[in-house]
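Trainee: Dumping the structure here so I can ask a few things about it.
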Amino acid sequence: MKIGIVGAMKQEVEILANLMRNQTVTQVAGCTIYEGLINGKQVALLQSGIGKVAAAIGTTALLQLAKPDVVLNTGSAGGVADGLKVGDIVISTETAYHDADVTAFGYAKGQLPACPATFISDEKLTALAKQVAQAQGHNVKRGLICSGDSFIAGGERLAQIKADFPNVTAVEMEAAAIAQVCHVFRVPFVVVRAISDAGDGQAGMSFEEFLPIAAKQSSAMIIGMLEQL
């Protein structure tokens, strides 16, 4: 099995890249794909860049060039669900775009034409992620992760997301785009992210301060999952 891993930022992939043996590096369409072995497992690791379009371009390149059997999305997220704090783990059961709206034509909020209302994560990968999180002693929540091309820092924007998606667990900027590409290519996926901020008025400062913690926690989760894939 070849395992695809997607992260947006250098900080979100460098721990994994530094663990990789027999590494080859491919630069394509503004993205970087590292291929090699991590703890004996065949891995293709993508640094996509930030945002939905970058994530979609990178994930498409990853699937076309490296042809992984599954995709794991790693990185950081803003916690929305009650009880989440910096370093906690969120696992997707489904993803949606919080900034897509074609409801005038009868679609659900966040749904794009020719797409499902949400992109459902692979049940086996979701269960494995929860198992690994519990084994590593993390506080973990599974649920809906919402994506959009905005860094959410509280205020009206966060309030609107909560109103549109009452069961939202976390927000970030790539997961739904990655999920949509995996849906089209019929590749199983799951999103596993560590909380870097609370999506509130202090989110910008919190993100800068706690991104290294989130990157370490999410990378540890991926390493734990690799051991069992």
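Any Cβ shown, glycine's included, is placed from N, Cα and C.
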Trainee: According to Swiss-Prot, Ile152, Met173, Glu174 bind substrate; which one of Gly78, Gly79, Gly83 is listed for that same site?
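Mentor: Looking at Gly78, Gly79, Gly83, the one Swiss-Prot places in the substrate site next to Ile152, Met173, Glu174 is Gly78.
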Trainee: Which recorded positions are spatial neighbours of Asp197 (active site, proton donor) here, meaning Cα within 10 Å, out of Glu12, Gly78, Met173, Glu174?
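Mentor: Those near Asp197 (active site, proton donor) - Cα within 10 Å - are Gly78, in sequence order.
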Trainee: Quick one: Cα separation, Gly78 (substrate binding site) versus Glu12 (active site, proton acceptor), in Å?
Mentor: 14
Trainee: Give me the count of other Cβ atoms within 10 A of the Cβ belonging to Glu12 (active site, proton acceptor).
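Mentor: Its Cβ shell of radius 10 Å holds 27 other Cβ atoms.
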Trainee: Take the mean position of the Cβ atoms of Gly78, Ile152, Met173, Glu174, the recorded substrate site. Which other residues of that chain put their Cβ within 8 Å of it?
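Mentor: After dropping the recorded site residues, what remains is Ala77, Ser147, Gly148, Ser150, Phe151, Val171, Glu172.
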Trainee: Mind computing the max CA-CA distance among Gly78, Ile152, Met173, Glu174, which the record assigns to substrate binding, rounded to whole Å?
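Mentor: Output for substrate binders Gly78, Ile152, Met173, Glu174: max Cα distance 13 Å.
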